[in-house]
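Asks: Annotations for this protein, taken from Swiss-Prot, read as follows:
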- 661-678: compositional bias 'Polar residues' (COMPBIAS)
- 687-696: compositional bias 'Polar residues' (COMPBIAS)
- 1046-1058: compositional bias 'Basic and acidic residues' (COMPBIAS)
- 49-73: region 'Disordered' (REGION)
- 307-327: region 'Disordered' (REGION)
- 500-536: region 'Disordered' (REGION)
- 591-610: region 'Disordered' (REGION)
- 651-696: region 'Disordered' (REGION)
- 1023-1058: region 'Disordered' (REGION)
- 15-54: repeat 'WD 1' (REPEAT)
- 82-121: repeat 'WD 2' (REPEAT)
- 142-181: repeat 'WD 3' (REPEAT)
- 184-223: repeat 'WD 4' (REPEAT)
- 239-282: repeat 'WD 5' (REPEAT)
- 319-364: repeat 'WD 6' (REPEAT)
- 368-409: repeat 'WD 7' (REPEAT)
Amino acid sequence: MYIVKPSWLCHSDDQKKFEVYSVTVSPDNQRVATGGQDGKVRIWSAQSIRDSAKGDNESSDTPSNLSGAPAPGAKQLCSMATHNGAVTVVRFSPDGRYLATGSDDRVVLVWERDSTKVPRKEFGSSGEADTESWIVRKRLAAHDNDIQDLAWAPDSSILVTVGLDSGVIVWSGTTFEKIQRLDAHNSHVKGITFDPANKFFATASDDRTVQIFRYNRASATDVTFSTEATITSPFKQSPLSTYFRRCSWSPDGNHIAAANATNGPVSVVAIINRGTWDSDISLIGHEAPCEVAAFCPRIFARTKEAAEKKDKKSSSEKDKESDVIDVDAEPKVPESVPITVIASAGQDKTLTIWNTSNPRPVVVCHDMALKTITDLAWSQDGMSLFATSLDGSISYVQFEEGELGYVVSMEENESRLTRYGGGKEAAQIPESVEQLVLEEKVEAKEVKDSEKRMEELMGAAGAGSKAIASGATVIPSPASTVAAAAAAPVTTTARATTPLTAATSNPSTPAKPAKQKVTITKDGRKRVAPQLLTTTSSSVQGTLPAATTSSAAVPVASATAETIPVNDFSKPSYALPKGGVSTLVIGSKRRSDDLEDGSNGIQTALKKTRPDDDVPEYIAPVVVSPATTTSQVRLGAPKVRNLLMRSMTVRDAEKPRMANESVSLANGENTSSSSAPHSFNFEVRNGSGNDQTPTKVSVTRNSQVVFVDFVPYYVHLIAGNGCYFWATSAEDGSIVVYSPNGRRMLPPLVTGAPLSFLESQNEYLLAISSVGMLYLWNVVDKKAVFPPVSLAPILDSGSRYEDGGVLRGPHVTQCGVTGSGRVIITLSTGCGYTYDEGLRSWCRLSEPWWATGSQYWSATQLLGDESAKSRWVLAVEERTAEEAQRRAGGRGRYLKQLTRATLNREGYEGMEGVVSIAHLENRIAAAEMLESKHELRTFIIMYARRIAEEGLRSRVDELCRELLGPGKSQDSTWSPTVCGLDKHELLKEVVLKIGKYRESQRVAVVYGQAIGLLEDEVLGVASSSKSAASKGSKDKEDNEEEDGDHDMTDFKDAMSEQ
């Protein structure tokens, strides 16, 4: 072993040396790249450095050849000064094509050698001319502070960068697009290393933790990440004075060497075990904090014979061998046990080299540099080591054969990585012909779907251009509004009047920008009130919830005279106040800490005062009813207004149940068979509420009066449409229902208390009284969908307590009914509810927990234009997002970080993935309950894909079994359809979606055969395979087919037994 410091191997300018922060060696061992304080990336000839060590280096100006090898005799091959700050990290990609460099200018540059470009000497430099040309292929700018370290995946598929902004950013290794930012650390991130098995990567931070991230790739651009573990124990007392915390993963994948750890007061290198992620071994050999630890990329053997001997042991026997020797054990290791070597260095200016065959360091080089050693890089053959220092020096360490051991072949590395799913044998091979056929079907379907989406996009663009060019008239479908003449003390906002799913409107009409409220303080300063982003979005039916953040564009169908989308959700009967309708509940508990001991030892309740501003001013019950004073729930009700108006545009063709009720206009024309749209106005003018001045109720169609009625009481709520019925609500809670032509269909419905909500959709009429009772009727069938239900369970009245017995509950922010008769209510707590008739219970559709714990909360779903009328689940989640943002105020990001910190605590590993899967399962159940078939189909496909990615074969089997059904033994409880979707067709889509995940292919093939998805293709492929194979391969295929037949027979028998 010898150490060489060539005088020319440094970052210098005009006799001044600059600090050097990083070094890396190319995979072919021909180039060494360094980065320093001078802002330059320098590439050196590795051969020239080795020749300098031997003393026979000769200078040469011969340019680099085109084969990729540096010019013989050249020292500095290239100098690049593109960065605007000090270069803190340089790393070659494992395939040798790219060089990634990071700097304190917050930018990562990806370089590639250009053999066609003539190298030129840098202007103003006094050194030798470049012999190679490297150009910037990509500039990656996403960090907010200095970049400290970066690393490539073993297959160069992804690039991960870390920096002082506490961020971990993942980039594509092919397109260099940003894939994801992981905010798992709470302080500077100063080191990163990849698992050679290509399953994990680890990051080290000044928050005294090492985070282990698992990543799964379904394709080159489809990568999912989750936190596998958080290691804290070895770093609890680690100092924060180091420049870096560069860690390294062992070549066999068993261990991580983490720098800047402590064992009591002593600075050590912690060895972290894979799988358990604990640290029971510490390398003690430094007197000051360690900056960098680096495993040699090769595995060694103790003797030359052991290195040359071919390993014939089974993988199970290899697993039993231990790679790390206990410190207290004898330094005698069997020759068959492979050895790994690790180098470490830091602020004590000492280089220490260890191997797993000896409990003590193999080499300790004191005062190797004058200042801190910042980086270490091994050559790919494992026989040399490079070190950089803040004194400007770059050291080269050359080992002789046998000093560290004897290098074994790379097959040994790959064989040991196989147990973790790495190496050449990591790819799971298909087990049968059926799996190959399934993969072909999946690929063909993906290509077909891609072409179909492209055709739809091109077709939509063409149709839009044609419509504009021809000057076609676009007829909007206006949402229900309250006339400006109906002056009332109710303050309306854009958010409050937005329906649960946005109303269909003309997409060509630009949305007006929301005006921000500007106030001037006493000192003359202007203050602009923050505007909630979701309130500025256009309320166009068919757009996805504003809570989504994906950049994917969602096509919106234009509402022309030929096709007018119909809103399938009840429009609000009146403009809700800001924050929703207030509620008061009577609690059933008393707070224990509100009791104090009296003089006689008896506990008495503390009296509390209620501020006057807690009582809502804009909404109050219109009458005092005995039911209200004794009810457990009290809701605010709208005040009586002079004018109520409801406008809408419908067509007669949209009357599936009432088409026979034609409307005759004044000229005698019958319009029942017309398909043209008609404009309806439902108007109520309140009188004095007595017989002398009654209230006038009227409906007009295309400005022609349909009917007029008079009632001797105040009307404060209206609902209905021109297809099924009209409805009015009196101040005493009675409801009068009219047919589209004005006939009283029912006697007045008496609820016993004033109404707070009156909504309608299709044939359904929804009413909620001020005492919290919910009613739902099918007006056409003249039946109640279910008995009256109280809102008390969802207002959480049972867990509330107050001395006075009455306290403020959550506000009702939205209430409505779908076209299929499903009630949806959202509260100011962010939760959305529906009442299920079969379960006789309220069910929670959405809650703020999913927003903080699920990876799918902000995922945009392209459900297609045909589903614009039934995006109930996503619409409820939009309400949840709005309420969560409103309640968090400006602390949303802070609360998110707190949640992330919780997910990273010990015992909560993998929690985010579990919550994400649970969120998808909740979405599926909610979509099925709301009969939203388009959402149900999308969520099932998403769920199948996720559980297949996670390798949850039991859940994949459970999902497929439910869609397949009981087989021959017909089960009366099983239905072949769900929400109008054929379960077997859904199963085909699920099988094709999970078919590319080989961990789940065995399950997918069985169910694909059960529904006849693979029968014809399997016969064709099997016969062609038999004719082309040899006799031995034929016997093997016959055995595989026989086993497959037995599996299919067993599967069918199991189905018939059930």
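Yeah, the Cβs are placed from backbone N, Cα and C, and that goes for glycine too.
These figures come from a predicted structure and were not determined experimentally.
Relative to the rest of the structure, where do these features sit?
Replies: Long-range neighbours of the compositional bias 'Polar residues' (687-696) within the same chain, counting only residues 6 or more positions beyond its ends whose Cβ lies under 8 Å from a Cβ of the stretch, are 708-715, 731.
Per-residue pLDDT, averaged along the repeat 'WD 1' (15-54), amounts to 91 for this model.
In the repeat 'WD 2' (82-121), helix, strand and coil residues by DSSP number 0 helix, 19 strand, 21 coil.
Taken through DSSP, the repeat 'WD 3' (142-181) splits into 0 helix, 21 strand, 19 coil.
Counting residue by residue with DSSP, the repeat 'WD 4' (184-223) contains 0 helix, 22 strand, 18 coil.
Secondary structure of the repeat 'WD 7' (368-409) per DSSP, as helix, strand and coil residue counts: 0 helix, 20 strand, 22 coil.
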Asks: Could you pull out which residues elsewhere in the chain have a CB under 8 Å from any CB of the repeat 'WD 7' (368-409), counting only those six or more residues past its ends?
Replies: 1-6, 9-12, 17-29, 32, 34, 36, 46, 49-50, 52-53, 243-244, 246, 291-304, 306-307, 338-339, 341, 343-347, 349-351, 353, 355, 357, 362
Asks: In terms of Cβ proximity under 8 Å, which residues at least six beyond the ends of the repeat 'WD 4' (184-223) contact it?
Replies: 148-155, 157-158, 160-164, 166-168, 170, 172, 174-175, 177, 229-232, 235-236, 238, 240, 242-253, 256, 258-260, 272, 277, 413, 417, 420-423, 426, 897, 900-901, 904, 945, 949-950, 996-997
Asks: Going along the chain, which residues at least six beyond the ends of the repeat 'WD 3' (142-181) come within the CB cut-off of under 8 Å?
Replies: 85, 88-89, 91-95, 97-98, 100, 102-104, 106-108, 110, 187-198, 201, 203, 205, 211, 213, 215, 217, 220-221, 223, 225, 244, 246, 422
